[in-house]
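If you look up TrEMBL, you'll see 96-185 marked as domain 'CENP-V/GFA'.
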Amino acid sequence: MYLCLADTKDGGMSVWLESANGTRLKKYATHDLQSEFDTATAKDGRKGNLKASCRCGGFQFEVTRATEVSEDKAIDSTGKSASRGTWWLRNGKYTADLCVCDSCRLSAGCEVMAWAFIPAVNLRLNNKPLPNPPVLGTIKHYASSEGVNRYFCGRCGAVIFLISKTRPKLLNVAVGVLQDESGARAEDWLCWETSTGPSNAADGLKRNFLTDDLTEQMIAWGGTDN
């Protein structure tokens, strides 16, 4: 079942996982199981920059709208842009996906991690460019694998960024810290990649049925008019 979906405003990832292992998942607005959830609380979130913060507020930043600068293929130094173009942008929004890799699971402590791919030039701190590396306030970091650093709040533990040495100008930003009025999926800002299900599905498929169910339902959701 899902609890506290009222906090998400839009239902979060529950729209991509309506059932698991053959069982329909119930959706509750709060933790007391007294009221079912609906998305009536979602609002238009398009005004101004997108604010982001960890739980305790020890690290706060903003995301700006994509511009021509965001489309510079040099932002992705991995070479993917040669064949996929500016894959981190779609219809003026930033691409986002769900990841079920072992590294994210063990680092974040959850089966599914939601990432948005945002150029560093579109991340602001007190109306200034985000420092490189972004270590300030309560931010801490560690190397989860060679060339990959994960940034989190040292006070409340919130996951903030993943920065890879192979594409330092294009950051993985934890969707959970984004504070869009439209809801947890921040669809006024993000375009979710659902056509192939979660990324790194091979890792998730080794563990349980969840990834298989999530993949099937994400693909089906992406094929409807949402």
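The backbone N, Cα and C atoms fix where each Cβ goes, and this holds for glycine too.
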Tally of DSSP helical, extended and coil residues in the domain 'CENP-V/GFA' (96-185): 13 helix, 41 strand, 36 coil
Model confidence over the domain 'CENP-V/GFA' (96-185) (mean pLDDT, whole number): 95
